[in-house]
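**Student:** Straight from TrEMBL, here's the annotation block:
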SIGNAL    1-20  signal peptide
DOMAIN    27-102  domain 'Inhibitor I9'
DOMAIN    144-616  domain 'Peptidase S8/S53'
ACT_SITE  ASP153  active site, charge relay system
ACT_SITE  HIS226  active site, charge relay system
DOMAIN    410-485  domain 'PA'
ACT_SITE  SER572  active site, charge relay system
DOMAIN    680-781  domain 'Subtilisin-like protease fibronectin type-III'
Amino acid sequence: MNSIIPTTCLFLLLLPLALCTKNKQIYLVEFGENTNEDTTLHEIENTHRSYLLLVKETEEDAKTSFLYSYKHTFNGFAALLTPDEANNLSGMEGVVSVRKSETKMYSLHTTRSWKFVGLDKSFDPYEEKSNETNGELLAKGKYGQDIIVGMIDNGVWPDSKSFSDEGMGPVPQKWKGVCQNGTDFNSSNCNRKIIGARYYLQGYESIYGPLNETDDYKSARDKDGHGTHTSSIVAGRAVPNASALGGFARGTAIGGAPLARLAIYKACWAIKGKPKNEGNVCTNIDMLKAIDDAIEDGVDVISISIGFPEPLKYDDDVIAKSSLQAVRKNIVVVCSAGNAGPVPHSLSNPAPWIITVGASTVDRSFVAPIKLSNGTIVEGSSITPLHKENIFRPLVLASEVEYGGITSPNSSGYCLDNTLDPIKVKGKIVLCMRGIGGRLKKGLEVERAGGFGFILGNNRAYANDLASDLHFIPATEVTYENTLKLVQYINSTLNPMAQLLPGTTVLDTKPAPSMALFSSRGPNIIDPNILKPDITAPGVDILAAWTGEDGPTRMTDNDKRVVEYNIFSGTSMSCPHVSAASVLLKAMHPTWSPAAIRSALMTSAKTTDNTGNTITDETGNPTTPFAMGSGHFNPKKASNPGLIYDASFTDYLLYLCNLKLTQNISITYTCPNALPQPFDLNYPSIQIHKLNYTKTIRRTVTNVGGSKSVYKFISKPPKEFTIKATPSVLRFTHVGQEMTFVITVTENRDELLSESDSEKYFFGWYSWSDKYHVVNSPVAVSFQ
């Protein structure tokens, strides 16, 4: 799992880089919207280059200064310009704007999961099975056949068995992309599964200089593992007997849409001078071009497990701006919410035209217990194989085996670098506290000091969140409650001894799902009218394909182990689960809009775990829609949602008109005088910030179920407010019929404190139900 930010799946803060090369900086030059769809990218690029020639002294300077030409995300180009050259361009006919690119560094947000959601049937789609109960959605969705998924990530390891094209038909005729040659990657690495691959370095190299090819491939090949992992989650073929190192999670590895096609867009690169486990960097102009090409190439779904370390306004966010143009072309865009949880207001990718995905667990755990000398068994979690002699060894607190005077009271006990005294540690098991310093580095410190193994103990903040890490020495992690038990045992025992028992894979664990601690949380601070995230999906301890060029921990200098499949966690992993579900829904319902697909996923999501109780967070308390959105995705139910909340590209433009943002996102559109309120965007959830007694909100649903259906309104509000609908009964006479209703939310003043906190939200639900469907929507309300 990428470490929690202050995240790795978010590693970098916004860097105020002065991208200067002889006083040159990156500028974005924008022209009027291209209204001729038949104009080729080559023709557009030639036009863009002709403008650059007018302000450059030589043709060579113009050639080397040109970075990218954009067609779909906006009509314009990126180039290295001096301020004078930028000023000269801005005065030319046809040029709408010339603005300095405020470079933003995005980063990657970093089996059993499909069985957990009921998509485990018929691993080989070419073998007919008689019982298709669980595989019904897969079969009806044709396993994603011929749906093209654009993966914006850090490449792919094409040699993995997960990307075999055996038995697959010809590449879809609509595909217009390429297989770009590069280091250790050529056209032979593409096939009928990976049908295209590109890479984008211009932005990265403009900032950091030439790529160090010992850190990364100058091609679409993945040297890190992240892009390979996410791609195989979406569309990996069935690979029997796959497992992580040590045999953990053994089973058939398969993607959610195993016959979907993959198009790889590598826009993220190794950070110079840092190990891979500290993340990747994705520049805004590289990502903008990647998404622009994905639109041009003809993808159906775009999966983006990338985000910014903090929420960005729509007009500052290249993912938001470019994704809107993708949605315009009826492309579904799915993004990770980020790994900055459980901090409030931390989620990425909050635009309402994006499906924003949180991360939760599956019903599988990796149990690695500790046996104490008094016979007590303390449960732990680990995917670290035990290779050393397994006997009782002395158990010590890290705070008691440190060098004298080297740590402060606030840093003692965390097994930080060069803090442990080898004389006191040799041959022992050390209890290291979690909270300061990297988890894997703690094990390396114990190893440096000669320890046999270590136990990672959660503090109160981490509570029940257990990270299944693959350590370099015998190790396990324990909950906060079990940490207290171990501390009490050590302090009360004359000669405390412990034995680390081998880990095992345990299935059907309960409760599941539960929210991952790292999953970023709402409320949405970019627009408090839109509730985010939309949904949660499996993102903890996910087994999927891996690169052959990096160890499972991505700690390049330390980890020389090689694996074909690896266990990894993050919203980076939950995002492709929803991307795969979107593929199947798009295959089943080819006329549905991206908003319709999002609605089907959201309104059918589960809000309870496998014990029948409300999904919980890392503390064991019931979670809220600010963590899980509408709930845990349920693809089988989403295939037949009954009703959908649809929204068109024009609806999003009207929404942006109200926010006065249409010109800022490179769209030519004349806003009407009368505009709908932003909260009336036809969204499957409702968020009201600072409710002043009562508010009415309009919604429209479309019947996609039975031709003659009657839906009745059900509300489940908290004591602080009421939820009512007018009308409270919807009678449909045919499929495709739309009906509009008004939701009225009213505060219960008697239940509110006299000094209510406007940032404190309360949560309720409303549903429309007939005999066969329950169409759920969460409601989040704060008060003035």
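Each residue, glycine too, has its Cβ placed from N, Cα and C.
Caution: TrEMBL annotation is automatic and unverified by curators.
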**Student:** Count the residues of the domain 'Inhibitor I9' (27-102) that DSSP assigns to helix (H, G, I), to strand (E, B) and to coil, and report the three numbers in that order.
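**Tutor:** Summed by class, the stretch gives 30 helix, 22 strand, 24 coil.
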**Student:** With DSSP as the yardstick, break the domain 'Subtilisin-like protease fibronectin type-III' (680-781) down into helix, strand and coil residue counts.
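**Tutor:** The counts are 4 helix, 60 strand, 38 coil.
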**Student:** Suppose you look only at the domain 'PA' (410-485); what would the mean pLDDT be?
**Tutor:** 94
**Student:** For the active-site residues listed here (ASP153, HIS226, SER572), tell me which residue's CB has the most neighbouring CB atoms inside 10 Å.
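**Tutor:** Per the Cβ count, the most surrounded site is SER572.
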**Student:** Calculate the distance in Å between the alpha carbons (Cα) of SER572 (active site, charge relay system) and ASP153 (active site, charge relay system), and round it to a whole number.
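**Tutor:** Taking the Cα atoms only, SER572 (active site, charge relay system) lies 10 Å from ASP153 (active site, charge relay system).
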**Student:** Could you give the number of helix, strand and coil residues in the domain 'PA' (410-485) as assigned by DSSP?
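**Tutor:** Split into helix, strand and coil, the domain 'PA' (410-485) gives 20 helix, 15 strand, 41 coil.
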**Student:** Round to the nearest Å and give the CA-to-CA distance linking ASP153 (active site, charge relay system) with HIS226 (active site, charge relay system).
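**Tutor:** Rounded to a whole number, the Cα-Cα distance is 8 Å.
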